[in-house]
Amino acid sequence: MRLWGLLPFLVPFILLWSIQEPELAEGFFIRTCPRVRVKCEVEERNECTRHRQCPNKKRCCLFSCGKKCMDLRQDVCSLPQDPGPCLAYLPRWWYNQETDLCTEFIYGGCQGNPNNFPSEGICTVVCKKKQMSSWI
């Protein structure tokens, strides 16, 4: 008898489990900021301090070595290299999915995207760990 009482709760999860396109199920799950702990030699300038400071439904997340506005529906490690429009000369690292390696690039100091890490080690911890957990 008790099993039948659970049926109304189980049916939506069974249906979501069978959805072939993950984008269709996005609205059913609350996404949270990535929980990646890294040791930072230098703290980065924060892009935000609160969610409301971020545009387009992005969230203010502690990521890498500073707070960034992040689209929680995006996989950070699949984003392309983006030096941003500014003209600073900051050596940084990004994860290249095609080569499965963290590669150095020059960041201009503003905008860009979150696939932008202060060291090869942090890039590797964030993106290789994420890749390995998706295999499990």
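Numbers run from 1 along the shown chain.
Each residue, glycine too, has its Cβ placed from N, Cα and C.
Listed in Swiss-Prot:
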SIGNAL    1-27  signal peptide
DOMAIN    28-73  domain 'WAP'
DISULFID  Cys33-Cys61  disulfide bond
DISULFID  Cys40-Cys65  disulfide bond
DISULFID  Cys48-Cys60  disulfide bond
DISULFID  Cys54-Cys69  disulfide bond
DISULFID  Cys77-Cys127  disulfide bond
DOMAIN    77-127  domain 'BPTI/Kunitz inhibitor'
DISULFID  Cys86-Cys110  disulfide bond
DISULFID  Cys102-Cys123  disulfide bond
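Overlay of Swiss-Prot annotations on the structure.
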residue : record         : contacts (Cβ under 8 Å, 6+ apart)
Cys40   : disulfide bond : Ser64, Cys65, Pro118, Ile122
Cys48   : disulfide bond : Cys54, Cys60, Lys67, Lys68, Cys69
Cys61   : disulfide bond : Cys33, Pro34, Lys67, Lys68, Cys69, Met70, Leu72
Cys102  : disulfide bond : Trp93, Trp94, Tyr95, Asn96, Phe117, Glu120, Cys123, Thr124, Cys127
Cys110  : disulfide bond : Gly84, Pro85, Cys86, Ala88
- Using DSSP, tally how many residues of the domain 'BPTI/Kunitz inhibitor' (77-127) sit in helix, strand and coil. 10 helix, 15 strand, 26 coil
- In the structure shown, which of the disulfide-bonded residues Cys33, Cys69, Cys77, Cys86, Cys123 has the fewest other Cβ atoms within 10 Å? Cys86
- Its Cβ having more other Cβ atoms within 10 Å than any other among the disulfide-bonded residues Cys54, Cys60, Cys65, Cys127, the winner is Cys127
- Note on the structure: Helix, strand and coil residue totals from DSSP for the domain 'WAP' (28-73) stand at 4 helix, 10 strand, 32 coil
